[in-house]
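Chemist: Okay, here's the structure, questions in a sec.
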Amino acid sequence: MSVAQAIAQNSTPLLEMRGISKSFPGVKALDSVDIALYPGTVTALIGENGAGKSTLVKILTGIYQPDGGEIIVEGEPVHFASAEAAIRNGITAIHQETVLFDELSVAENIFLGHAPRNRLGLINWGGMNARAAALLTSIDAPVSPYMRLKDLSIAQRHLVAIARALSVEARVVIMDEPTAALSYKEVEDLFRIIERLKRQGKAILFISHKFDEVYQIAERFAVFRDGRSIGAGLLAQTSQDEIVRMMVGRSVDHVFPKFDVAIGNTVLKVSGYSHPTEFNDISFELRRGEILGLYGLVGAGRSEFCQSLFGITHPSAGSLELEGRLIEIRSPADAVAAGIVYVPEERSRHGVVLQMPIFQNFTMATLGRTTRAGFLREAEEFALARRYAERLDLRAAALSVPVGTLSGGNQQKVVIGKWLAARPKVIILDEPTKGIDIGSKAAVHAFMSELAGEGLSVLMVSSELPEVLGMSDRVLVMREGRMAGIWKREELDAETLVRAATGNP
Amino acid sequence: MSRILKYRELLLLVINLVLIAAFSTRAPGFASPKSLANIFNDTSILIILALGQMAVLLTRSIDLSVAANLSFTGMAVAMLNSAHPEVPLPLLIAAALGIGAGLGAINGFMVWKIGIPAIVATLGTLTIYRGMAFVLSGGAWVNQTQMTQAFLNTPRMPVLGLPLLGWTAILVIAIIAIVFTRTIFGRSLYAAGGNPTAALYAGVDVGRTKFFAFMLSGALSGLCGYLWVSRYAVAYVDIAAGFELDTVAACVIGGISTLGGIGSVGGAVLGALFLGVIKNALPVIEISPFWQMAISGLVIIIAVLLNARQDRRKGRLILRDAAKSRSVRVATPVEGAAA
C-alpha cells in the first residue's frame, strides 16, 4: 500500500459535504448527496452528464446556495454566501474552460482581484510579478509573468489557471475536466503538478470522464447518478466495471413512448463527413421513420457534426445524399429548403426570439409560405401558428404574447413547432429534453415517436442514456470526433454505450 | 408588437398631448391646428431620419453617418440643380435617394462583409461624408438664388393645410410601417436583432439584413438631404451637424431598444414628435434653446431607464419560477445552461 493510500484511508476529511440538496424549477439537481475530500488526496467525481457534478462544484465554490445540507471544513460548519467566501476558505476551482483575460499579463491574471498593494493602496507591481514568478516556478510552468495571456497555448493557460488557484492559499482545488483540451504530453505535465499539490497536503476534487486518467491520478472516488450519491470509496478496491455499473444502473421510472414504426428507405446518406478540428469520417444512413440516437460525451463533436449537416459550419470532406440525390448545404437556408431542420440545444440562445410574439416565432422559418406578393399575411401566420400550437399542446395566454413569457418546456414546443411548420424530411434534435421538466420531457418523447410514425427521420443527439436507450432505433456513438460504433436497438445496453463513449475497453 | 410597447406608445402620446396643452396655457394658439401642422412639418425631417435609424437599431447596429450623408447628398443635389436647372425635380429626388442609398450601402458593406462594428464604421463615414461634401463644393455655399423655384418651393406647397414636406413624412411613415410589419425584410430586421443566432438557424441572413437596413437608412438620409436644403434654402458643408444624435434620441425616447429587436414605427414617430414639440414650444414660452438640449438629454436618460426597467420586468417573467425557488442570486436557473 502506497503512502498516499495510507493517508487516504486514515486521515480525517479536510472538507465534507453532507446531505446537500439543490433544486431548480422542475429539476432536482442534487438530492442529499455526500462527498468527503481528504488532505493530500485526489478524489474523482464520476457521473454521467446531468448527474449533478457541475451543480456540486458551483455550490462548493459559492456560486449556488444549497437548499439543504451542510459543508464542513476541518470540523467547522461553514456557509459560502458568495464565490469570494469560498475563496477565503481556501477553495478554488479550475474550470473546464478557463476564465482568464486575454489582454492582461500572466501576473495580472494570477492576481486579479487580490493583487498585492503598496502603502499607498496601489498595486505593487514588483511584488506581484515576483510572487507570480515564484508560483509559476513551483509548478514548473515555463511561462513568464510578463507575457500576455493571448500569446500562450491552451496548456500554458491551464498552468496560469492553476497558479491563480494556488495564489489564494488554496486548501481544496477543484479541477473540472482539466484534461478535456490537453494533449497526452500536457496531461502528463498536469499530473505531475497534481502529484506536487498532493504532497503539499491539498485536497483535490478531480472531475473527468476518462477512466484511465481517474485510475492513474486519483485515490478515492464518488459516483453521482441523477443527483444522488451512488457510491464512494477507494479506487484500489473497486473495478472499472463496478464503477460503470454505478454510473448507469438505474431504476426505470420513466416508460418511453416508443412506437413500432415500419422503417422505410434511406432518406439521408452521410459519407465520410469530416471537419478540420471537430469530427472526422462520420458515415451513416438514416431511414424513413427511424430515430437514430447520437450518443457521446460532451465535447465528442456531436453538436458540431449536426451543425455542419445544417450548413452552419462547413465540412472539409464528405458528401451528403438526400433521397438518392447528392446535395450540398452551404447555409441553414439551404438545409431548410432541402428539408433538413435543426432544433438546437439551447432554446433561448439558438431557438427563439424571446421578445417576438409566439406566432411570429412559429412562422420564422416559413415566411415564404405566409407571404403573397411580398407581403406577410398575419391571418395566415396566426392560422399556421394555431395549428402547430394545438398539435403541440402549447400553453400560452395568447399567440401574440412574447415567447419570453413562456416556460422552458413551452418555449421548446415553439422551437419544434417552427421546424415542423417547415415540413421537413429530416429533423435533428439536439438534446431535446435538456433542462426541461419531467412532464414536458414525456410530451417531447411521445411527440418524437409520432413524428417517426409519420415517416420523418429523426437524428437525436442526447447525453441522457435512458433517453438514448428508450427512444432510438439505432445508436451512433461518437468519441473524440470519431465514430466509435453503431448499434441496433436489440443490441443496445447501457454499459456498451458508456464503454464506447469513454473509450473504456 | 407587444402589449407593453403599445402601452408605452400610448404613454408617449399622452405625454405629447399634455405638453401641448400645458404650453398652450402659456402661449395661446400653440395648440391651434395651424400651429400643430407647423410643428409636424418642422419635425418631418427628424421623423424620416429616425425611421431609417430605427431600421438600423433594430438589427443591433447604429448609423452615426445619417447627418453627414444628408449634408453630402443635399450639397450634391443643390449643386446639380444650380448647374443644370433643366433637370426635373423627380429626377433630382431620385438622385438624392440613390446617392443616399449608395452611401448607406458603403456602411452596410463594411458591417456585413468586413465585419467592422457599426458604431466604428459609421463614425468613420460620418467624417468622410462631410469631408466629401467639402471636397465637392470646395467649401462654397449654394444659395437660394442659385436654386430653381421648383426645387425650393415644392416641399413648401400646402395641401389641405399641411406643406408637402409634412405629407412626405406621412407617406414615408406609411411605407415604413408596412415594410416593417408586413414584409419578410421587416420581420428579418426584428429577428436579426432580437436573436441573431436564432435568426441564422431559421434561415435569415443576418448580415444581408443589416446591409439593407443601412441602405434604407442611407436612402432616407439622401431624401432628407434634398428636403433640408430646400427647406432652409441653402446648402453648405455643416448643415445638420450633430443631427444624427437627434435621430438616435428620437428612437430611444420612442422605445426602440439600442440592443436590437424591439421597437415600433409609432414609437419612433412619437419620439421624434416629442423632440419637435419641445423644440417648438420652448422659444414660444421664452426659454433658452440651451434648456431644450438639457431637457432632451434628461428625457433620453429617463427613456433609457424606462427601457431598462421594462427589460428587467421581462427578465423576471422568464425567471419567475427560479425566483420562487429562493435561488435569488442565481442568474442561470438550469444546470445544463451553464455546464
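Backbone N, Cα and C define each Cβ position, glycine as well.
As listed in TrEMBL for this protein:
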TRANSMEM  B:39-59  transmembrane segment
TRANSMEM  B:89-112  transmembrane segment
TRANSMEM  B:119-142  transmembrane segment
TRANSMEM  B:162-180  transmembrane segment
TRANSMEM  B:211-229  transmembrane segment
TRANSMEM  B:260-278  transmembrane segment
TRANSMEM  B:290-308  transmembrane segment
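Thinking about packing and proximity, how do these listed features fit into the structure?
Modeler: Residues 66-67, 70, 118, 162-163, 165-166, 168-169, 172-173, 176, 180, 189-190, 192-193, 206, 209-210, 213-214, 216-221, 223-224, 227-228, 231, 243-244, 246-248, 250-251, 254, 256-258, 260-263, 265, 268-269, 271-273, 275-277, 279-280 of the same chain lie 6+ residues outside the transmembrane segment (B:39-59) yet bring a C-beta within less than 8 angstroms of a C-beta in it.
Sequence-distant contacts of the transmembrane segment (B:211-229) (same chain, at least 6 residues past either end, Cβ-Cβ under 8 Å): 44-45, 48-49, 51-53, 55-56, 58-59, 61, 63, 65-67, 69-78, 92-93, 96-105, 107-109, 111-112, 118, 142, 147, 155, 165, 168, 172, 185, 189, 235, 239-240.
Proximity of distant same-chain residues to the transmembrane segment (B:290-308), defined by a Cβ-Cβ separation under 8 Å and at least 6 residues beyond the stretch ends, is recorded for 8, 246, 249, 252-253, 255, 257, 271, 274-275, 278-279, 282.
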Chemist: I'm a bit unsure how to read this: which one of B:89-112, B:119-142, B:260-278 has the highest number of Cβ pairs shorter than 8 Å with the transmembrane segment (B:162-180)?
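Modeler: Between the candidates B:89-112, B:119-142, B:260-278, the best contact partner of the transmembrane segment (B:162-180) is B:260-278.
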